[in-house]
Amino acid sequence: MSQTLFIDGEWISAEKEQIRSIINPFNQEEIATVSEGGREDAIKAIAAARRAFDKGEWSSLSGLERGKIVLKIAELIRRDLEELAELESLDTGKTLEESKADMDDIANVFQYYAGLADKDGGEIISSPIPDSESKIIREPIGVCGQITPWNYPLLQASWKIAPALAAGNTIVMKPSEITPLTTIKVFKLMEEAGVPKGVANLVLGPGATVGDELAVNKDVDLISFTGGIETGKKIMRAASGNVKKIALELGGKNPNIVFKDADLEVAVDQALNAVFFHAGQVCSAGSRLLVEDAIHDQFLAELVKRAKRIKLGNGFHAETESGPLISAEHRAKVEKYVEIGIEEGAKLETGGKRPEDPELQNGFFYEPTIFSNCNSDMRIVQEEVFGPVLTVETFSSEEEVIELANDTIYGLAGAVWSKDIEKCERVAARLRMGTVWINDFHPYFAQAPWGGYKQSGFGRELGKIGLEEYTEVKHVYRNTKPAAVNWFNS
C-alpha cells in the first residue's frame, strides 16, 4: 500500500520513499503501511491544485454539475459503508457501531453540500446611485489546505472536503499521519465519482513538514485545521506571512451543567456518554461536570457506579462499549494529567489506572476516571485532557454556574440539564460557546454550524455557513448609463 499519495490525478509514492506503519491501537498489530510524504510532496500537490483551479475546469462547472459529483461521492460512501467502518475501527480502535454511524453521517454531509452547490445565485442589492445595478456574488476562494485530526479521521475530513468541492475550490488534504486509511479510501471514491485531475490532492505526512508547507505556501488561499490548540497557534503564525484565510477548530473543555430539577436518571446516563464516548477522545466531550450542590452526592454515587461497569474491549465485539486510546504517547499524556489531578487535591472516585484484564494488555486502554472535589484553579479543569477523565464541581446558583462554565480559555460546546426550560434558555444565552445543548449532549448534524468561541478557534464548519467559509464575496457594480465625470476640466 505504498502508493498512498494522490497528486494531480495519480496515486504515487513519496519522493523520498519513506514508509509509515499504521497500527491497531487495540493490539498494536500492523494493519497497513503507507507512503510518508514530506515538504517536497506538499509543494507538488499545491502546484497541482493551483493549476487545476486556475484552469477552471472545476470552478467553471455549474453548481448543479458539481453537486452531482459530490452527491455521487455520498452514494459511493454508502455503497462501501461496511468497508469504511471496518477500516476506521481498525485505525482508531473505536467500536464498529460508532464507525458505522460516522460513515452514515459522512455520507449525509456530502449529500447536504451537494444540495447546496447550486443554491447561491448571488444577491441583487438596491443601489443608492441612479442608473446603476449592484449585485453580491460568492466565488470559490481557490486552493484550500486541509488538516484533520486522528480522533474522527473521515468525519472531520468530510466537513472540509464536501463544502470546499461544492463551492468550486481545489484542495490539498493532510490527514493525521497515524489514522489515514479511510481518507485514502475516500479519495479513491472521489476519483471514481469523477472529480477532475488535480482538484483533490492527498499528501500523508507529519505536520512539521507537510502541514507547515500548507500554511506557509503562497499558492494556498485558505487553510482549515482541526486539532490541538498549540498546533493551531503554530499554523496561525506560519500563515500570517502571506495573510491567507484561516479556519481553526481547536478543541474544548466543555461544561455539562446539571440542575437539581433535571431528570437525574437521564442526566447521569448522558453525562457518561458525554465524557466516556470514544474514550473521551472527542473535542466536544463533556469533561467538566457541574452539578448543583443539593444533588451532588446522589448524582456522583450513581455516576461512579455506572462508570465502573463500562465495558472496555475490542471495537469489533458487540459487547464493547469503549475502545482504547489512540497511542502509547497519548495514554502517557492522560496518565500524567491524572497524576496532576491527584497532586492538585482532586479526589479520585474511580479509574485512574490501566485495566487489569489480560485481554487488554496489548492495547492502549485506560479506565474511565472520575475526579470529585475539583475547582477552576486546577489544571485538570482548565486543560483539555482528551481522554476518559471527568472532573466534578458543584454550584449553588445560576450566576455561579455561568461563571464556572465560562471560566476556561475554551468555548466550543456545553450542555444544560433542567426541567425548567426558561432557566435552560437563560443559562444557554450566557454561555460563551459555539454550541449549547439543552437536555441533551453531543448531537450535531450537517445543517447546523459547528465551531467555537475564544481559543476553541474561529470559523465554522457544517451548515450553510460552512460552505460560505470556502468562498470570497465580490461586489459587482454596473453603470447602466455611462457618462463622462468631467472632474478634471483640462
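Placed from the backbone N, Cα and C atoms, the Cβ positions cover glycine too.
The active site annotation in Swiss-Prot covers GLU249, CYS283 and is backed by sequence analysis. Look at Swiss-Prot and you will find LYS174, GLU177, GLY227, GLY228, ILE229, GLU230, THR231, GLY232, GLU384 tagged as NAD(+) binding site.
GLY227 (NAD(+) binding site): 23 other CB atoms within 10 A of its CB, across all protein chains. A Cα-Cα distance of 8 Å separates ILE229 (NAD(+) binding site) from GLU249 (active site). The NAD(+)-binding residues named in the record, LYS174, GLU177, GLY227, GLY228, ILE229, GLU230, THR231, GLY232, GLU384, extend over a maximum Cα to Cα distance of 23 Å.
Among the recorded positions listed (LYS174, GLY227, THR231, CYS283, GLU384), GLY227 has its Cα nearest to the Cα of GLU249 (active site).
Summary for the recorded positions GLU249, GLU384: the Cβ-based neighbour count within 10 Å is maximal at GLU249. Mapped onto three states, the DSSP output places ILE229 (NAD(+) binding site) in helix.
A count of other CB atoms within 10 A of each Cβ picks out CYS283 as the most crowded of the recorded positions ILE229, CYS283. Counting every protein chain shown, the Cβ of LYS174 (NAD(+) binding site) has 29 other Cβ atoms within 10 Å. Under DSSP, CYS283 (active site) is assigned to coil, being neither helix nor strand in the three-state scheme.
Residues within less than 8 Å, Cβ to Cβ, of THR231 (NAD(+) binding site) and separated from it by at least 6 positions along the same chain comprise GLY207, GLY211, PHE225. Mapped onto three states, the DSSP output places GLU384 (NAD(+) binding site) in coil.
Put simply, CYS283 (active site) is 19 Å from LYS174 (NAD(+) binding site) when counted between their Cα atoms. Geometry remark: GLU384 (NAD(+) binding site) versus CYS283 (active site), CA distance 9 Å.
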